[in-house]
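Below is one structure, written out as structure tokens, with a few remarks after it.
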Amino acid sequence: MECCLSEEAKEQKRINQEIEKQLRRDKRDARRELKLLLLGTGESGKSTFIKQMRIIHGSGYSDEDKRGYIKLVFQNIFMAMQSMIKAMDMLKISYGQGEHSELADLVMSIDYETVTTFEDPYLNAIKTLWDDAGIQECYDRRREYQLTDSAKYYLSDLARIEQADYLPTEQDILRARVPTTGILEYPFDLDGIVFRMVDVGGQRSERRKWIHCFENVTSIIFLVALSEYDQILFESDNENRMEESKALFRTIITYPWFQNSSVILFLNKKDLLEEKIMYSHLVDYFPEYDGPKQDHAAAKQFVLKKYLACNPDPERQCYSHFTTATDTENIKLVFCAVKDTIMQNALKEFNLG
């Protein structure tokens, strides 16, 4: 009988060891997929960052994929010009030549979301308007209304885009703007580990959908548009965009769901800040700024400190990087550093080292 029990005990022990081993294996396999949640207010660059991951770590964009963006580029051009035409009226700016108001009426007669081609008379109207002194003044005052960052990029390159055989470049695709509604996921494999990036809509109306994404988040990547220090919200005419972004970051970093997730700050659109800081002074929007004017390095550090001050836990590290999401080389370098941070934290958290 004792012999029998001993054999049973041995078998039970062996089974327990197998179960333990399998549990360890399952835990390890579960961690072979790392979930990265991209957060930030609308137009901070989250979708552009995911496109970069597809270019750098995925299959990129085939000619067929690129053809799928032609309509979107055309729509972005119409949308940008229509935004400026509306602003001309709001800001009471006159056209350089009076008859150009008729061209403006022509461009406004089209619903930009239905645009599928780019030809005369609309092509000529948009080219003529972009050269108009009044529209240029309106463009210079773009912080006073809503205009996409890519407006100048496309409108300055119409000679290429108007060609019959036009095929969008990767840069055209990176710059193409379509507001994210709902949740987009992009998984990619890196060194045998699946990085699952989740991009959620940034506009206020989209944020209630985030709750479904909160489970098992390895890292939060929070994007800040540095260039928004002097801009107002898309959803509200009197709120500073950066203040809204900062309030959101403060909420995110204190959520109980994310206590074990590493936090990475991407201070994005540094190229736009460097351009803008020369004529739009930080102190006019943040009176507590006491650094030099027209100094982009001082401005970047000031904004970084503002965000880091939102973290109530001195023990919790926030990793930060200054980025230009439309610059593939910059994102390649930054994500290389970020990958190491994410991996180290995941190993530490789940004792897989």
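Note: Cβ is positioned from N, Cα and C throughout, glycine not excepted.
Checking Swiss-Prot for region 'G4 motif' across the ranges 120-127, 184-191, 264-271, 280-287 points to 264-271. Check Swiss-Prot against the ranges 95-104, 135-144, 195-204, 205-214 and you find region 'G3 motif' recorded for 195-204. It is 35-48, from the ranges 7-20, 21-34, 35-48, 231-244, that Swiss-Prot records as region 'G1 motif'.
Applying DSSP to the region 'G2 motif' (172-180) sorts its residues as follows: 4 helix, 0 strand, 5 coil.
Note on the region 'G2 motif' (172-180): residues 42-43, 46-48, 51-52, 55, 61, 66, 69, 72-73, 76, 79, 148-150, 153-154, 161, 199-203, 206, 325-326, 328 of its chain, located 6 or more positions outside it, place their CB under 8 angstroms from a CB of the stretch. A C-beta separation below 8 Å, combined with a sequence spacing of at least six in one chain, links Ala325 (GTP binding site) to Gly45, Thr48, Phe49, Gln52, Leu174, Leu223, Phe266, Asn268, Lys269, Ile331.
In this structure, the binding-site residues Leu174, Val178, Val200 were compared by how many other Cβ atoms lie within 10 Å of their Cβ, and the smallest count belongs to Val178.
Here the region 'G4 motif' (264-271) has, by DSSP, the following mix of helix, strand and coil residues: 2 helix, 5 strand, 1 coil. In the three-state DSSP classification, Ser44 (GTP binding site) falls within coil.
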